[in-house]
Amino acid sequence: MRTAHSVDAVRNAERELMARLPEGALMKRAAAGLATACAGLLKDLLGRVYGARVVLLVGSGDNGGDALYAGARLARRGAGVRVVPLAPGRTHPGGLAALLAAGGRVAEDPFEVLATADLVLDGITGIGGHGGLRPDALPVVRAARGGGAMVVAVDLPSGVEADSGEVTGEAVRADATVTFGTYKPGLLIDPGHERAGALRLVDIGLGPYLPSVPELEALQHADVARLLPVPVGESDKYRRGVVGVVAGSARYPGAAVLAVSGALRGGAGAVRYVGPGGEAVLARFPETLVHEGPPSGAGRVQAWAVGPGLGDGSWAAAAVADVLAADVPVLVDADGLRLLAERTVRERTAPTLLTPHAGEAAALLGVDREEVEAGRLAAVRELAARYGATVLLKGSTTLVAEPASGSASGSASGSASEPGAAPPVRVNPTGTPWLATAGSGDVLSGLAGSLLAAGLPARDAASAAAYLHGLSARLASRGAPVAADDVAAWLPEAWRNVVG
Ligand SMILES: NC(=O)C1=CN([C@@H]2O[C@H](COP(=O)(O)OP(=O)(O)OC[C@H]3O[C@@H](n4cnc5c(N)ncnc54)[C@H](O)[C@@H]3O)[C@@H](O)[C@H]2O)[C@@H](O)CC1
Ligand SMILES: [K+]
């Protein structure tokens with residue numbers, strides 16, 4: 001599991017640790033890890049550190065200090081290091097002295113050195129930065145990218161808000177980010193994540209001083225493997241769980257097929273389909289149990305997934321209300337989200353999982369889509385709190401938030417967090433831009449619904465589904481476009497990849 005902590009948590013931990021260490025020791029630890037990472041990258045790039053051309057972009061804070069001490073280490077190994085001070089007169093004095101003593105120099109012409117640099121270290125701002133890059137930094141940052149050097153961000157790409165991943169205006173676009181002590185939420189959530197490049201974590205000894213419950217967590221293979229249901233000898237289809245899928249319409253019969261295709265690969269023992277797309281579903285998946293009346297008359301199910309391609313006719317509205325009245329976990333997606341009342345969801349006693357994309361989340365919150373996209377973490381938390389439901393906010397870095405315990409009964413998922421506090425938001429690390437394709441959300445709904453029916457708590461079902469879904473798209477794509485149908489077809493391979 002990768003975990004990220006807030007700036008406040010990092011600063012508190014740093015304070016406690018620093019009180020036990022000699023002055024400056026923590027920064028030197030950070031700089032040593034940073035220099036080692038840069039030396040490794042230079043060796044991959046050039047086969048050597050000696051003679052490499054390194055430029056340091058340095059702001060007014062300790063982030064610049066890290067860059068300067070790391071630059072000094074690289075200079076001692078024979079790299080030609082030049083510093084571009086973006087806040088002249090406020091450059092970290094100890095760091096600058098160390099760099100100059102090691103043979104580094106202040107660049108006379110920033111643009112000249114950036115044009116020929118092999119590696120640029122972005123030490124403009126770290127966790128103390130706010131409000132995006134300042135105008136005076138923009139031409140220098142653009143020249144760094146334009147010169148073709150590898151750009152390595154120190155702790156965080158400058159311009160990215162550490163706690164949210166928000167970018168106001170412009171931010172550095174790094175090839176790699178070397179971060180200290182713990183990941184920061186902004187490194188794992190878009191738009192910040194996408195600016196960070198490959199992530200490396202340097203241990204500076206903060207671990208024991210960080211809160212045990214992080215702000216954010218990203219599951220890895222082993223975590224997901226532990227969550228996935230495994231049938232045992234005496235399992236039958238009912239014990240494995242039956243998932244009910246309410247999806248599709250005369251206009252969108254394909255949504256029914258895609259949602260069922262995801263549900264069939266999600267671990268439930270059987271899939272019941274309810275809606276007007278039964279014929280299309282059976283033609284493709286004869287193993288589906290099809291029902292035409294209201295969902296409540298369909299027979300036993302352990303969880304429902306409702307919404308993809310439903311349209312907004314009266315049948316759809318009645319079906320959504322019918323499903324929400326059931327005392328089993330319910331996933332609501334797509335058109336279903338337009339047909340639900342906040343109060344109905346809040347009053348449910350069984351878990352509810354909402355799976356909006358940014359546009360749908362914006363409609364539920366009554367704000368603009370851009371606001372949700374820029375502040376995804378705040379949006380998913382707000383939705384979970386308002387609806388008292390688990391919320392999966394789709395996107396390139398899909399997020400899963402749980403409401404604080406007590407705000408919705410039945411939706412706790414065994415988290416180790418304090419009573420009353422919401423557990424950490426989960427961010428999915430397997431997404432790929434190729435997943436932004438029509439119908440892929442329908443597959444995800446069926447898959448997550450199936451995992452709910454198999455008995456996973458809503459937060460686990462949502463995060464395991466997002467993980468498998470992203471991985472499946474990556475496996476299917478291998479760099480080429482994929483269709484939603486491919487994503488569904490590759491789910492068994494993704495599952496094997498995770499548990500194998
Ligand atoms: N506190 C510690 O013990 C450690 C801190 N470390 C480093 O220190 C960093 C935090 O240092 P600071 O708290 O000094 O903060 P930063 O260095 O991140 O930035 C704060 C400085 O930048 C200015 N600033 C804020 N927003 C700006 C913007 N948009 N454009 C330009 N300048 C802006 C502020 O006026 C302030 O002077 C971490 O990210 C990490 O790199 C590491 O050395 C590990 C140890
Ligand atoms: K930085």
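Using N, Cα and C of the backbone, Cβ positions are placed for all residues, glycine too.
Take the AMP site that TrEMBL assigns to Lys394, Gly395, Ser396, Thr397, Thr398: the candidate from Gly359, Gly439, Gly441 listed for it is Gly441.
For His130 ((6S)-NADPHX binding site), the count of additional Cβ atoms within 10 Å of its Cβ stands at 10 [all protein chains shown]. Neighbour list (His357 ((6S)-NADPHX binding site), Cβ cut-off 8 Å, at least 6 residues apart, same chain): Leu393, Lys394, Gly395, Gly441. For Asp155 ((6S)-NADPHX binding site), the number of other Cβ atoms no farther than 10 Å from its own Cβ, over all displayed protein chains, is 28. Residue environment of Ile127 ((6S)-NADPHX binding site) contains 24 other Cβ atoms, counted within 10 Å of its Cβ in all protein chains.
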